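As structure tokens, the structure follows; a few thoughts come after it.
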Amino acid sequence: MDRRPDTTGRPGAARDSDAARGPGTGRGPGSGRRAAGRGAADPRRRALRRRRLLGALFALPALLLLGALVAYPVVFSVLRSLFDATGDRFVGADNYTEMVRDPATLKALRNSAVWVVVAPVLLTGLGLVLAVLTERVRWATAFKLVLFLPMAVSFLAAGIVFRLAYEQDPDRGVLNAVVVGVHDAFAEPSPYPTARAREGKGLTGTPAGGYATGEVRPGSAVALPFVGVAPGAVPGDAERARVPESAPGALSGTVYLDFTPGAGGRPGAVDAREKGLPGMTVEAVRDGRAVAETRTAADGSFRLDGLAEGSYRLRVPAGNFAAGYGGVDWLGPSLVTPAVIGAYLWVWTGFSMVLIGAGLAALPRDVLEAARVDGANERQIFRRITVPLLAPVLTVVFVTLVINVMKVFDLVYVIAPGPVQEEANVLATRMWLVSFGGGNDQGLGSALSVLLLLLVVPAMVFNIRRFRKGGSR
Amino acid sequence: MRDTKVTRLLGSSAVQALLVLVALVWITPLAGLLLSSLRSERDNAAGGWWTSFADPAQLSFDNYRALLADSGLVQAFWNTVLIAVPATVLVVGVAALAGYAFAWLDFPGRDGLFLVVVGLLVVPVQIGLLPVAKLFGAVGLFGTVAGVVLFHVAYGLPFGVFLLRNFFAEIPREMLEAARLDGGGEWRIFRRLVLPLGRPALASLGIFQFLWVWNDMLVALLFADGESQPLTVALQSQMRQFGSNIGVLAPGAFLSLVVPLVVFFAFQKHFVQGVMAGSVK
């Protein structure tokens, strides 16, 4: 290192104490000073003493605040964690073993582990890819600005933003609106979510939610009556239901809406003004297996050909009646942690991208150019040159993220709705709930905060070392 | 033929398209918040904010008018100011004094104490909650703006002292010696020489600390009461009935992020530096 000792940030670097001793003293026995004798040394010593006093005075406010509100609480928490909930009884390490015994706390520990593994990896990767890509566009500054913007936003505001985006109802939550839109574009929504078979007219419900007939043989024709479809919900291309006609060697029939507008219809029979239900899937089932399948025509008729002799059941499977796809339950118990991590990515990706981008800008251009000249393609350059050269920066970003992820509180607290809070808890939120949010177990709460401190320490030591090596950056 | 002009152009337009998409994804949630904040409770319940593109008549400032008429939330906004401004000024001032002392004034025990300060950098605020709550309870600071401010100052100091001490240590010794020979007292040197020279670091620290405190919820959740709570806590208490409270929460959240956004756009460079430097925290 070719830096001056001062920039190492090491306390008590030689130069500091030189300066503190006062101008001139460090220079060795100068002739002029000796001649001046004690008379000149006295004021110098007095100035030195005054400077020491002033130094203590200058540092005093900071030291008092740090002592009372930071250092003392550490000692207090460590001791408090060895006592029970009310603080009356010494319990040794019981609070620490309680962490793994109490299912809710154990869950929080597990979630914290998921957070710490997933979030920093994703953020570093995302930041790296985006930093490399932004180097190729002219509007990189604007792009970085947009991605860095969420860093200015409080976690509470981010939480509200994402509670809105994650709303379950696709008519309100933008994420589910997109998901449902994409889903329905690829898989047609089921045609008749409300339909049900006319009771006692040949169709019985199957356990899976569909309907089936009794035994029928090829050559017979059956009418499959349904109700429960509002007149407006019948597809526009539906025609008058065709009266079932038998065909030799085939199973045929009609699926229709057994409802005559006005009055006069006979239940279970195809009447003149009744409509077919087009697009209904009908299966022929033999020995419990579907052997043939077709869809009803506009008049509700269907015909299954090429069946071997024997007896079959006709089945109208549950898929016809599935409720409309409602999107993803983002904030439900199983997805709430990934959902909150998603919100966290939104906040922190800009940070990781800007930091990595700065590292990228400092890479030696000639190395990259030389590789290009040698015929390396972009992917090779990225994997063999950019990433290895960036490794120190990537490590810094990763470690910094680990520290911050470990302490995540607000986002989880705000986004996870009350009923699933337990599923979403991490160390910091669990500590809060245990200590203040009704749990009122200050022993366990203190133990959790001490654990948090212990988990953060290694990463912090790494960061401080780097910071001191690099001066103030 | 990977590197012909055509494939490069195609590649770059694919990159452009991808980045535009990413930028859109990043902007959409904020746009959603803004538009939701401009729609009535009924419209928000009936359909998503995107329907207001087709029907701009939905948008109005009614929610904001109602918000400004809500004395509790207005009070909470001022509380945020009353907490964030002193907490920032105090951290910068106290840390600058201490940073100068640690860098250039050789008081007894200085080096050991500085190591302790560096060690305190690792302490997460969670450790302080319970003990300081008891302490504040004993001296009547619990549930007051002053208590919240003091807590923030204390937990901003390790980083502040650390940052400024390292920055001040880089001031050339000759400059300080010259000033001392000119007969300037340490206080005068601090004000006339050290503070102006340290301006970039002071600005980064100030912006970082301001954002940290302005956006804080956890500390105020514990240390502030109904009278002294900042906007974040006031809004958080409305989250329970999220679905029916969007008319308050969305404009409130937007109000709370206007100030940081102004700081962000006004001091972009210092902002980024501050956030980056503060990330050791």
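Quick reminder: no glycine exception, Cβ is built from N, Cα and C everywhere.
Not measured: the values here are computed from a predicted model.
Record features (TrEMBL):
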type: REGION; residues: A:1-44; note: region 'Disordered'
type: COMPBIAS; residues: A:1-19; note: compositional bias 'Basic and acidic residues'
type: TRANSMEM; residues: A:53-75; note: transmembrane segment
type: DOMAIN; residues: A:109-463; note: domain 'ABC transmembrane type-1'
type: TRANSMEM; residues: A:113-133; note: transmembrane segment
type: TRANSMEM; residues: A:145-166; note: transmembrane segment
type: REGION; residues: A:191-211; note: region 'Disordered'
type: TRANSMEM; residues: A:343-364; note: transmembrane segment
type: TRANSMEM; residues: A:385-406; note: transmembrane segment
type: TRANSMEM; residues: A:443-464; note: transmembrane segment
The transmembrane segment (A:385-406) versus listed stretches A:53-75, A:145-166, A:343-364, A:443-464: most Cβ pairs under 8 Å:
A:343-364
If you count Cβ pairs under 8 Å, which stretch among A:113-133, A:145-166, A:443-464 touches the transmembrane segment (A:343-364) the most?
A:113-133
Can you tell me which parts of the same chain pack against the transmembrane segment (A:145-166), counting only residues 6+ beyond its ends and a CB-CB cutoff under 8 A?
130, 172-176, 330-331, 339-340, 342-343, 346-351, 353-354, 409-411, 413-415
How do the residues of the region 'Disordered' (A:191-211) split into helix, strand and coil according to DSSP?
0 helix, 5 strand, 16 coil
Residue numbers, six or more beyond the limits of the transmembrane segment (A:443-464), whose CB comes under 8 Å of its CB atoms:
74, 77-78, 80-85, 87, 91, 95-96, 98-99, 102, 105, 396, 399-400, 402-403, 406-407, 427-428, 430-431, 434-436
Outside the region 'Disordered' (A:191-211), six or more residues from its ends: residues with CB under 8 Å to it:
222-230, 233, 235, 258, 267-268, 277, 279-280, 315-324
